[in-house]
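Shown next, in C-alpha cells, is the structure this report addresses.
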Amino acid sequence: MWGLQRETSSMYKRTSSRDYSPMLDVEDSSGLIENEMNNEMETTNPSWKCSLPHVLVATISSFLFGYHLGVVNEPLESISSDLGFSGDTLAEGLVVSVCLGGAFIGSLFSGGVADGLGRRRAFQLCALPMILGAFVSGLSNSLAVMLLGRFLVGTGMGLGPPVAALYVTEVSPAFVRGTYGSFIQIATCLGLMAALFIGIPVHNIAGWWRVCFWVSTIPAAVLALGMFLCAESPQWLFKQGKIAEAEAEFERLLGGSHVKTAMAELHQLDLDRTDEPDAVSISELLYGRHSRVVFIGSTLFALQQLSGINAVFYFSSTVFKSAGVPSDLGNIFVGVSNLFGSLVAMVLMDKVGRKLLLLWSFIGMAAAMALQVGATSSYLPHYSALCLSVGGTLVFVLTFALGAGPVPGLLLPEIFPSRIRAKAMAFCMSVHWVINFFVGLLFLRLLEQLGPRLLYSMFSTFCLMAVMFVKRNVIETKGKTLQEIEISLLAKP
C-alpha cells in the first residue's frame with residue numbers, strides 16, 4: 001500500500017550480521033564501505049515522502065499518551081459522583097495518578113519488548129492494554145474497576161513513548177529526523193487538546209465521561225492495525241541477522257538508490273563492535289562502555305521533570321482561576337501555547353539543531369519561573385501580580401515546547417548505540433516516570449511548606465542547572481545519520 005509489498009520472512013536466509021561480512025575480507029569490506037560513503041556525498045537526500053506515512057502511524061501512540069494524560073481532568077467530578085467517591089481527594093488523586101504506576105511498569109518492559117518482538121509488534125502490544133483499559137474504565141461501576149482500567153491504560157502509555165522515539169529515529173532520513181521527531185510532541189499536544197474538547201459536554205450530558213474513555217479505543221485500534229502496513233526498523237532487522245529484510249525496508253523508507261550506503265554503514269558498525277556481546281544488562285548500562293551516554297540521557301529526563309513542567313500542567317487551572325479566567329479557557333491557552341511551541345520546534349529542529357534549542361528552551365523556562373517568583377512579591381499591585389503569574393505560566397509552557405519537551409525523546413535514541421538503544425531508552429524513561437511521580441506527589445505539600453516563591457526559585461535553579469549540563473555534555477546530531485553518530489561516539493576515548 002505504501003511502497004513495495006512486504007515479503008514473508010521465510011523467503012530470506014536469516015544469518016547473523018557477523019556471518020554476512022565474511023563474504024569479503026575485512027580490508028576489502030572496509031574499502032567498499034569507504035567507497036559507499038564517498039558515493040553518498042554525490043547523491044541527493046532520500047525522499048521524505050517514503051517514510052512519512054510510517055512516522056504518522058507511529059505517532060498515534062503519542063496522541064494516545066496525551067489523550068489519556070488529560071482524559072480525566074474535566075470528567076473527574078462526574079466520575080467521582082457516579083462511582084460514589086465524591087469529595088474523597090485521595091480516591092480522586094488515585095484515578096489521576098494510577099496511570100503513572102502503570103506507565104512506570106510499562107516503561108520497564110519497553111526495551112525488552114522492542115528488542116525481542118520488534119518495533120512494530122511493540123506498538124501493537126502497547127495498543128492492546130489501552131483498548132482494554134479504556135473499555136474497562138468506561139464500563140466501571142466502582143472505584144476499584146476504574147483504577148484497574150486506568151492501570152491497564154498506564155502500561156500502554158509507558159510502553160508507547162520509548163518505542164515511538166526509537167521507531168521514528170530509526171526509520172527517518174537524517175535530514176528530516178528532527179522534524180519527524182517533533183511530531184511526537186505535536187501528537188501529544190493534540191491528544192491533550194482532544195481530551196479537553198471531548199470532555200466539554202460532561203457537565204451537561206449524564207454519563208458522558210464513559211464516552212470520553214471509549215472514544216480512545218478508535219485511534220488505538222488504528223495504531224494496532226496500521227502497524228501491519230508499516231515498515232519494521234531496518235536496524236532491528238539487521239541486529240536479528242535478517243539482512244535481506246533490512247535491505248527491503250531501507251528501500252521502502254529511503255528509496256533504492258540509498259540502500260547500499262545505509263547497509264554499508266550498518267556493516268561498518270558491526271565490524272567496530274565485534275568484541276561486544278549481544279545481550280545488554282543493567283550493569284552494562286550503568287558501568288559499561290556506554291554508561292556516559294546513559295547518564296546523559298537519564299539526567300536530561302530528570303532535569304526535564306525537575307524543571308516543574310508537570311506541576312505547571314497539573315495546577316495551571318488554579319493560576320487562571322485566581323486571575324478570573326475560567327479553567328476551560330485557561331486550559332485552552334496552555335494547550336495552544338504548547339502546540340504553537342511544538343510547531344516552531346518542528347520547523348527549527350533540523351535548522352538550528354538540538355543542542356541550541358535545548359539551551360534556549362531551559363533559559364526561557366528559567367526566566368518564566370523568575371516571572372512566577374516576581375508575581376509573589378508583596379510590592380506589586382494585585383492585578384500586576386496576576387498578569388505576571390499568568391504570563392509566566394504561558395511563557396514557561398511555550399519555551400518548554402520549543403526544546404525541553406521534544407528534544408530529549410529525539411536526541412537520546414540518536415546518541416544511544418543501536419545495540420543498547422531500546423534498553424537504554426527504557427531505563428531513561430523509567431527515570432522520567434519516577435521523577436514525574438514524585439513531583440506530582442510532593443508539589444502541593446512543598447508549596448504549603450516552602451511557599452511559592454522558594455519553590456518556583458528551586459524550579460528556576462534546576463532549569464539553569466540544565467543549561468550548564470546541556471552546554472557541557474550534549475553533542476549536536478543535526479543532519480547526521482545514526483551510523484555516523486555512533487561511529488563518532490565510538491571514536492572518542
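Glycine is treated like the rest: Cβ placed from N, Cα and C.
Automatic, uncurated: that is what TrEMBL annotation is.
According to TrEMBL, the domain 'Major facilitator superfamily (MFS) profile' annotation covers 54-478. Marked as transmembrane segment by TrEMBL: 51-70, 90-110, 122-141, 147-168, 180-202, 208-230, 293-317, 329-349, 356-377, 383-412, 424-447, 453-470.
Between the transmembrane segment (383-412) and the stretches 122-141, 180-202, 293-317, 424-447, 453-470, Cβ pairs under 8 Å are most numerous for 293-317. A Cβ distance under 8 Å defines the sequence-distant neighbours of the transmembrane segment (424-447), meaning residues of its chain 6+ beyond its ends; these are 97, 100-101, 103-104, 107-112, 114, 158, 161-162, 165-166, 282, 285, 290, 293-294, 297-298, 300-302, 304-306, 308, 310-311, 314-315, 412-413, 416, 455. Sequence-distant residue pairs (6 or more apart) of the transmembrane segment (51-70) and the transmembrane segment (356-377) include fewer than 3 whose Cβ atoms are under 8 Å, leaving the two stretches without contact. With a cut-off of 8 Å on Cβ pairs spaced 6 or more residues apart, the transmembrane segment (180-202) and the transmembrane segment (453-470) reach fewer than 3 such pairs and are scored as not touching. As a quick check, the transmembrane segment (293-317) and the transmembrane segment (329-349) clear the bar of 3 or more Cβ pairs under 8 A, pairs 6 or more apart, so the two touch.
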